[in-house]
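Residues or ranges marked as domain 'CP-type G' by TrEMBL: 94-261. Annotation comment: TrEMBL describes 112-259 as domain 'EngC GTPase'. Among the features that TrEMBL reports, GTP binding site is placed at THR151, LYS152, SER153, ASP154, GLY203, ARG204, SER205, GLY206, ALA207, GLY208, LYS209, SER210, THR211. The annotation Zn(2+) binding site is assigned in TrEMBL to CYS284, CYS289, HIS291, CYS297.
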Amino acid sequence: MSFDLSQLGWDDTFTSSYRPYDRPDTVPGRVLRADRGISTVLTAGGVTRASLGGNALLEAARDPALLPCAGDWVVLRNWPDRRVTLELVLPRRTRLIRRTADKDASGQVLAANMDTVAVVEPIFPEPNDARVERLLALAWESGADPVLVLTKSDTVRDPEAVARQLAALAPDVPVIPVSVQRGAGLDRLRELVAPGRTLALLGRSGAGKSTLANALAGTAVMPVQAIRDADGKGRHTTAWRNLITVPGGGCVVDTPGIRGVGLLDTGSGLDRAFADVIELADRCRFDNCRHESEPGCAVQSALADGLLPPRRLASWRKLHREVAVESRRRSVRLATAPRRRHN
Ligand SMILES: Nc1nc2c(ncn2[C@@H]2O[C@H](COP(=O)(O)OP(=O)(O)OP(=O)(O)O)[C@@H](O)[C@H]2O)c(=O)[nH]1
Ligand SMILES: [Zn+2]
C-alpha cells in the first residue's frame with residue numbers, strides 16, 4: 001500500500017526541513033500514535049513501528065517536549081537488521097501543549113502540525129464556560145486556528161441559542177453545533193479535514209471526541225463507550241493520542257480526554273482568547289491600568305454599561321494569575337534543573 005504524503009499535510013516546508021536527513025536508508029513519515037518509546041508512523045510505504053533512535057533519545061533527555069507525538073513529521077531510519085528507528089522530529093509548525101502535573105519544566109505535547117484545533121464541548125450537560133475559555137486559550141497558543149464544536153446538539157431543543165451564548169466567550173472563533181447521531185453540522189468539520197489538512201480535537205473525557213473522529217473518518221477506529229453514568233459524563237476511554245486519516249481527505253488527531261488542563265506561560269494564547277477584554281484594555285487612559293478604579297478605565301466602564309459580563313473579566317484575571325504563577329515556577333525550575341539532575 002502506498003500513501004500520498006501530501007494528502008496528510010506534507011509540503012514544501014517539511015520537505016526542506018527533511019532534506020538534510022535525506023539518505024538512502026531514511027524516509028519521512030507522520031506519527032499516528034506515540035506510546036512509550038514506540039511510535040506508529042505512516043510513511044509513503046505504509047504503517048511502521050519505530051523505536052526511538054539515539055539522536056531522538058538525546059533530544060528528549062534535553063527537553064521531553066521533543067518526544068514524538070501524534071501529528072509529528074519525523075525522520076525514520078531503516079537498519080540492515082530490519083529495525084526501524086525514529087531519528088528526529090522535524091520542527092513543528094503548530095503544537096498543542098499543556099502543563100504537566102509533575103515537576104517537569106516543559107509541558108506535554110498533545111498533538112502537532114494541525115491546521116485547526118477544535119475545542120470540543122458537549123451541549124449537554126450544560127457547557128462549562130470556564131473550561132471553554134481555558135481550552136480556547138490553549139488552542140490559540142498552539143498556533144493553529146481554533147473552532148468551538150458543541151457536540152450532542154440533538155440533546156437540546158435550540159442548539160443555535162446555546163451557540164450564540166458561547167460565541168460571547170469565543171471572540172473570532174467559529175462556533176459549530178454538531179450531532180453525530182443526527183449527522184448535523186458535520187459538513188463544516190469535513191472542510192477542516194480536506195486533503196492536506198489536519199484537525200485536532202481537544203476536550204474533556206466524554207465530550208464526544210472519539211465519536212466525532214469516527215464520524216469524520218467514516219469508520220469505527222476507536223473504542224467509544226456507551227453512556228453508563230446518569231450525569232452523561234461518560235468514562236475515560238481514550239488513553240492515547242491518535243492520528244486518524246480521513247479517506248479522501250486529511251487527518252484528525254484525537255487527544256486524550258483531559259480532566260484539567262494547565263496553561264503554560266501562554267500569554268499570547270490568553271490574549272487571543274480574551275480579545276474582547278484586551279480590546280477594551282487598550283482603550284484605558286493609562287497603559288498600566290489595572291482595571292480596578294483608575295480614571296478612564298474602559299474595562300470598568302464596559303462593566304458598568306453591562307457590555308462586559310463580570311464573569312468574563314474574573315475569568316481573564318484568574319487565567320492571567322495562573323499563567324504568571326506558572327511562568328515564575330518555570331523559570332525557577334529551569335534555573336535549578338541542572339542541579340536537580342545530580343540528586
Ligand atoms: N446523543 C448524542 N450522544 C453522543 C453524540 N456524540 C457522542 N455521544 C455520546 O457521548 C459519549 C462520549 O463520547 P466519546 O466519543 O466516547 O467521548 P470522548 O470525548 O472521546 O471521551 P474520551 O475518550 O474519554 O476522551 C458516548 O456515550 C457517545 O455515544 C451525539 O451526537 N449525540
Ligand atoms: Zn483599565
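Each Cβ is built from the backbone N, Cα and C atoms, and glycine gets one as well.
Sequence features annotated in TrEMBL and their locations in the structure.
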{"residue": "THR151", "record": "GTP binding site", "DSSP (3 states)": "strand"}
{"residue": "GLY203", "record": "GTP binding site", "DSSP (3 states)": "coil"}
{"residue": "LYS209", "record": "GTP binding site", "DSSP (3 states)": "helix"}
{"residue": "CYS284", "record": "Zn(2+) binding site", "DSSP (3 states)": "coil"}
{"residue": "HIS291", "record": "Zn(2+) binding site", "DSSP (3 states)": "coil"}
{"residue": "CYS297", "record": "Zn(2+) binding site", "DSSP (3 states)": "coil"}
Those binding-site residues in SER153, SER205, ALA207, LYS209, THR211 whose CB falls under 6 A of ligand 2, listed in sequence order: none
Sequence-ordered binding-site residues from LYS209, CYS284, HIS291, CYS297 with Cβ under 6 Å of an atom of ligand 1: LYS209
Distance from HIS291 (Zn(2+) binding site) back to SER205 (GTP binding site), taken between C-alpha atoms, in Å: 36
Cβ-centroid neighbourhood (8 Å) of the Zn(2+) site, CYS284, CYS289, HIS291, CYS297 excluded: ALA281, ARG285, PHE286, ARG290, GLU292, GLU294, GLY296, ALA298, VAL299, GLN300
Per-residue Cβ crowding (10 Å cut-off), top of binding-site residues THR151, SER205: THR151
Spatially closest candidate among GLY203, ALA207, THR211, the listed binding-site residues, to CYS284 (Zn(2+) binding site) (Cα to Cα): GLY203
Tally of residues which DSSP labels helix, strand or coil - the domain 'EngC GTPase' (112-259): 40 helix, 33 strand, 75 coil
Nearest of the binding-site residues (CYS289, HIS291, CYS297) to GLY203 (GTP binding site), judged by Cα-Cα distance: HIS291
